[in-house]
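As recorded in TrEMBL, the features of this protein are as follows:
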ACT_SITE  A:HIS127  active site, proton acceptor
BINDING   A:ASP120, A:GLU190, A:GLU192, A:ASP224  Ca(2+) binding site
BINDING   A:TYR122, A:ARG136, A:GLN231, A:TYR235, A:THR333  substrate binding site
BINDING   A:ASP224, A:LYS244, A:THR248  Mg(2+) binding site
DOMAIN    A:16-112  domain 'Fumarylacetoacetase N-terminal'
DOMAIN    A:119-371  domain 'Fumarylacetoacetase-like C-terminal'
Number of protein chains: 2
Amino acid sequence: MQTWLLTDPDSDFSIHNLPYGIFSTKGTKPRAGIALGDLVLDLPALSRLGLFPGIDVQVFRQPVLNPFIEQGIHTRVREAVQSIFRVENRLGWEPLLPTFSHRRADVMLHLPLHIGDYTDFYASEYHATRVGKRFRPDNPLMPNWKSLPVAYHGRAGSVVVSGTDFPRPKGQILQNGKPAYLPTESLDYELEVAAVIGRNTQPGTTVPAEEAEACIFGFVLLNDWSARDIQRWEYQPLGPFLGKNFCTSISPWIVPLDALDPFRVAEPEKEILPYLKTPGNRQFDIRLEVRLNDTVTARTNLADLYWNFSQMVVHHTSNGCNLSVGDLLASGTVSGPDDEGCLLERTEPVLLSDGSSRTYLLDGDRVTLSGFGRKGDIRVGFGEVTGRILPAHDIPLHDNP
Amino acid sequence: MQTWLLTDPDSDFSIHNLPYGIFSTKGTKPRAGIALGDLVLDLPALSRLGLFPGIDVQVFRQPVLNPFIEQGIHTRVREAVQSIFRVENRLGWEPLLPTFSHRRADVMLHLPLHIGDYTDFYASEYHATRVGKRFRPDNPLMPNWKSLPVAYHGRAGSVVVSGTDFPRPKGQILQNGKPAYLPTESLDYELEVAAVIGRNTQPGTTVPAEEAEACIFGFVLLNDWSARDIQRWEYQPLGPFLGKNFCTSISPWIVPLDALDPFRVAEPEKEILPYLKTPGNRQFDIRLEVRLNDTVTARTNLADLYWNFSQMVVHHTSNGCNLSVGDLLASGTVSGPDDEGCLLERTEPVLLSDGSSRTYLLDGDRVTLSGFGRKGDIRVGFGEVTGRILPAHDIPLHDNP
């Protein structure tokens, strides 16, 4: 697509992407925007300029994207925004650019969704196998693992937007075989991608495989911060709880499903029950990366997941469980054949560029996840999700700000 | 307290209770109300009559109670409503009764909360021991069980109000050692009580034991319907997921914490870490009952929990996890020394009054939970939460109503 707006060819936010977010500028209210190159397009402003006839501007003035997503108008909005930047429309739109855009560096980004429920899967065989080996060397994968996409419910209320730092969590930890209440000594990151649900399903109904993708609005990066010592002591028999729910970070820009079309790839056929079979190319060739401070600690690919996102949707609704717009379905740690998407999988400490090493995260450490697809000239990326570890502290409730 | 309104002494909804709910009458919008005897008091109507000076009537006109709870005005509202029914105020208020009340039989009750997150604990030693015995006869309780209140995140989006029937869920189940996608054959109920959070806590802060109860607004009954065969196959290693998230039912009336004051009881001292020690009487002598069709299948007492609700709040926030108004913290199945709060615990089928027996629930079965406290003349009850099992069906997404 020929456009009159020059964007860096290495920008995640090309004209092929157009991800949605919630932004504000100094003294203004959070509202819907689209990232394009170094700009943020102001959707209420574009609406006032008449770009979206028949769409009430109020849907862009909400502090979250849920109402916009729920209206199912995203394709119209996306096509209208792309049309602005067609070469033949330059004359009409370029002079208006300052009235409907902001420099990305000048805006503040907010959590773009009201997240009703956050589900975390465990869909990478590399991850599940390496983690399993630490507990059961001879039998790392549970018997159910290749039969269904294992998942659990995470905490929706502690999902935060990129840039939110948080204190090292404390919790009950086994120390010399005895439980004690202490700051975690094994704070970890998890490199994940999450689908944002774009459609409400009714309780008691199931989503067939061929319709599963229609329930997905788009994707974000997700860092499922984990305290392994808390998790290890608490998780039997009901799964992870306080080892995970202190903070979960997502990237601010939701990349629409359509933008990932160029990166679809086939996957090896699996022997699974018919209800889980999803014909077509349902995996996405997206390169993912973890940076710990200045060091890249992992490069993996989303297409290496064993279970694809359509299968997650199908399985999630296979018992009649309803999904709602804004729900997150996260992949679980995306590891690869050679790279580990979290520190728990490693058998050796990771070496950093400053000469230090990490078994787990230290106070002050910053972890940044990023990801993009590239095919020919087309690049579509997620931007990043970043967060930093503050020292553990004691702020009891009565001292809350 | 002497009142001019005669209520049945066996009513759950005495003047000592005054639970909050969301109701509507034919052709009107859902709004806040209080149950009293056979009546529902219409809070917007009472507001218009001037009973709540300084409180904006809009807070009572919302479709959920969260804004009301968040404003922290419940004590003022409760005291004002009680004052109406004092003998000395009869002359002024009795003539107005028809303008601010409805017969309970005439109103429709709605889910009273927006539930941001629903956490399910596992706080009954009787339950955990009996369930554990089925898997590990010699070592039923996990090593962590008496050290911390074990919990997991349930699904907030599939919590429904009493009276919502639902189809028997399907799911992946082991049949002769092989997984198959089938309707569950071991559908169960779980008798639970859930605390409704009444205060937002900040991420990164902890709630000390002595302030934990101040975070609780009130309580509801909760039936954590469970499909044991789905659960058994899926739950390793990340806990229950589709075996639980198809439906969770709560009672429509939220009994405020204050109303349970008369039923406080002491509990045996436990050897636990200091952060979990909650001085004072934090258990409640509430008699609970399960009815399967016409047969009472269990009578237990809330005070038999090993972990009290204050300890659940303290532990939940011990890692800095934030709580929000409307969150549910459920007890897990409340079993007793002699009675089982769910069918899974039983070693023999339960006999029903019609001569039939149940290992698990059949289509058409109705399960009703109820509970109340009584001390002298004071009775405070929860009403009930009821639901019925419809046959399994196939409604794929495209046929959704």
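Backbone N, Cα and C atoms are what each Cβ position is placed from, and that goes for glycine too.
Feature map: annotations from TrEMBL on the structure.
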{"residue": "A:ASP120", "record": "Ca(2+) binding site", "Cβ neighbours (10 Å)": "29"}
{"residue": "A:TYR122", "record": "substrate binding site", "Cβ neighbours (10 Å)": "22"}
{"residue": "A:ARG136", "record": "substrate binding site", "Cβ neighbours (10 Å)": "12"}
{"residue": "A:GLU192", "record": "Ca(2+) binding site", "Cβ neighbours (10 Å)": "30"}
{"residue": "A:ASP224", "record": "Ca(2+) binding site", "Cβ neighbours (10 Å)": "26"}
{"residue": "A:GLN231", "record": "substrate binding site", "Cβ neighbours (10 Å)": "21"}
{"residue": "A:TYR235", "record": "substrate binding site", "Cβ neighbours (10 Å)": "22"}
{"residue": "A:LYS244", "record": "Mg(2+) binding site", "Cβ neighbours (10 Å)": "27"}
{"residue": "A:THR248", "record": "Mg(2+) binding site", "Cβ neighbours (10 Å)": "28"}
{"residue": "A:THR333", "record": "substrate binding site", "Cβ neighbours (10 Å)": "29"}
>> Based on the record's binding annotation for substrate (A:TYR122, A:ARG136, A:GLN231, A:TYR235, A:THR333), what whole-number value in Å is the widest Cα to Cα distance?
In response: 19
>> If you compare CA-to-CA distances from A:ASP224 (Ca(2+) binding site) to each of the binding-site residues A:TYR122, A:GLN231, A:TYR235, A:THR248, A:THR333, which comes out shortest?
In response: A:THR248
> A:ASP120 (Ca(2+) binding site): which of the recorded positions A:HIS127, A:ARG136, A:GLN231, A:TYR235, A:LYS244 is the nearest Cα neighbour?
Replying inline: A:LYS244
> Counting every protein chain present, what is the number of Cβ atoms, excluding its own, within 10 Å of the Cβ of A:GLU190 (Ca(2+) binding site)?
Replying inline: 27
>> Can you filter A:TYR122, A:HIS127, A:GLU192, A:ASP224, A:THR248 (the recorded positions) down to those whose Cβ is less than 8 Å from some Cβ in chain B?
In response: A:TYR122
>> Between the Cα atoms of A:GLN231 (substrate binding site) and A:HIS127 (active site, proton acceptor), what distance do you get, rounded to the nearest Å?
In response: 16
> How many Å separate the Cα atoms of A:ARG136 (substrate binding site) and A:THR248 (Mg(2+) binding site)?
Replying inline: 28
>> From the DSSP assignment alone, can you count helix, strand and coil residues within the domain 'Fumarylacetoacetase N-terminal' (A:16-112)?
In response: 43 helix, 22 strand, 32 coil
>> Measuring Cα to Cα, how many Å separate A:LYS244 (Mg(2+) binding site) from A:TYR235 (substrate binding site)?
In response: 11
> Quick one: which of these recorded positions, A:HIS127, A:GLU190, A:GLU192, A:THR248, have their CA within 10 A of A:THR333 (substrate binding site)?
Replying inline: A:HIS127, A:GLU190, A:GLU192
> Is A:ARG136 (substrate binding site) helix, strand or coil when read with DSSP?
Replying inline: coil
> What is the nearest of the binding-site residues A:TYR122, A:GLU192, A:TYR235 to A:THR248 (Mg(2+) binding site), using the Cα of each?
Replying inline: A:GLU192
> Between A:GLU190 (Ca(2+) binding site) and the residue listed as 'active site, proton acceptor', how far is it from one CA atom to the other, in Å?
Replying inline: 10
>> Quick check: in three-state DSSP terms, what is the residue listed as 'active site, proton acceptor'?
In response: helix
